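Trainee: Features from Swiss-Prot:
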type: BINDING; residues: 10, 11, 12, 13, 14, 15, 127, 136, 137, 200; note: ATP binding site
type: REGION; residues: 30-59; note: region 'NMP'
type: BINDING; residues: 31, 36, 57, 58, 59, 85, 86, 87, 88, 92, 161, 172; note: AMP binding site
type: REGION; residues: 126-164; note: region 'LID'
type: BINDING; residues: 130, 133, 150, 153; note: Zn(2+) binding site
């Protein structure tokens, strides 16, 4: 199975990607993780990516596509893969399709996790992390049993990330929406886009995605 998980920040892409990876025995390919690994390994593409990041620039699509290509030609991706976090826009989608065509391994399904803007805001602004043990909560959906106190270690150091404020998150979501609209149209035209209600519980979402992937095989 060769698939892409699309969704806004807070839509649950990472969680569903992990479940699909385990279920199908195929790698979850996150561009963020790939870039960090390439930089750490000191590969040629990793060096180019590091140079861009050190200069405060975005890593070019050409470099990212090259790193993805290297990853998808590894043995564990022979049966398929789940792309998480890429493509982010129309240009990247076209470049990805062109690269996959050279490998003769086109995408089979693009899963869009559809979540209401207000729900995304609550998911992201409500996140709290225990500084003592790393446990993660959400004050709206999965709060600690006692306000401001960690269930696991009893610490009162539950903090909100500095970039989890409403203004920053709202801007991130607006940018995502603007970039993703043409991407959705692009994959719909190919007949490969499937929308899944990302507000259901995690198990039901996973079941719905699994049914789609079985059909798309």
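For all residues, glycine too, the Cβ spot is worked out from N, Cα and C.
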Trainee: If you draw a 10 Å sphere around the Cβ of residue 86 (AMP binding site), how many other Cβ atoms fall inside it, taking every protein chain shown into account?
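Mentor: That number is 22.
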Trainee: Looking only at residues six or more beyond either end of the region 'NMP' (30-59), which have a C-beta under 8 A from one in the stretch?
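Mentor: Residues 14, 17, 66-68, 70-71, 83-86.
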Trainee: Only counting partners 6 or more residues apart, tell me which same-chain residues put their Cβ under 8 Å from the Cβ of residue 88 (AMP binding site).
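Mentor: Once residues fewer than 6 apart are set aside, residue 88 (AMP binding site) is near 179, 180, 183.
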Trainee: Report the DSSP secondary-structure composition of the region 'NMP' (30-59) as helix, strand and coil residue counts.
Mentor: 22 helix, 1 strand, 7 coil
Trainee: C-alpha of residue 86 (AMP binding site) to C-alpha of residue 137 (ATP binding site): distance in Å?
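Mentor: Here the two Cα atoms are 27 Å apart.
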Trainee: Using DSSP, how many residues in the region 'LID' (126-164) fall into helix, strand and coil?
Mentor: 3 helix, 12 strand, 24 coil
Trainee: Taking 31, 36, 57, 58, 59, 85, 86, 87, 88, 92, 161, 172 as the record's AMP-binding set, what's the max Cα pairwise distance in Å, rounded to a whole number?
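Mentor: If we measure all Cα pairs in 31, 36, 57, 58, 59, 85, 86, 87, 88, 92, 161, 172, the largest is 29 Å.
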Trainee: Helix, strand or coil for residue 14 (ATP binding site)? Use DSSP.
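Mentor: Note: residue 14 (ATP binding site) is helical by DSSP.
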Trainee: Tell me which of the binding-site residues 14, 133, 137 ends up closest to residue 161 (AMP binding site) in space, Cα to Cα.
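Mentor: Spatially nearest to residue 161 (AMP binding site) by Cα position is 137.
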Trainee: As a test of the contact definition, list every same-chain residue at least 6 positions from residue 137 (ATP binding site) whose Cβ is closer than 8 Å to its Cβ.
Mentor: 127, 128, 129, 130, 143, 144, 150, 158
Trainee: Can you list the residues of the same chain, besides 130, 133, 150, 153, whose Cβ falls within 8 Å of the Zn(2+) site's Cβ centroid?
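Mentor: Going along the sequence, the neighbours appear as 131, 132, 134, 135, 151, 152, 154, 155, 157, 158.
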Trainee: Given residue 59 (AMP binding site) and residue 14 (ATP binding site), what distance in Å do their CA atoms have, once rounded to a whole number?
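Mentor: Each residue's Cα considered, residue 59 (AMP binding site) and residue 14 (ATP binding site) end up 21 Å apart.
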Trainee: Near the Cβ of residue 31 (AMP binding site), how many other Cβ atoms are there if near means within 10 Å?
Mentor: 20
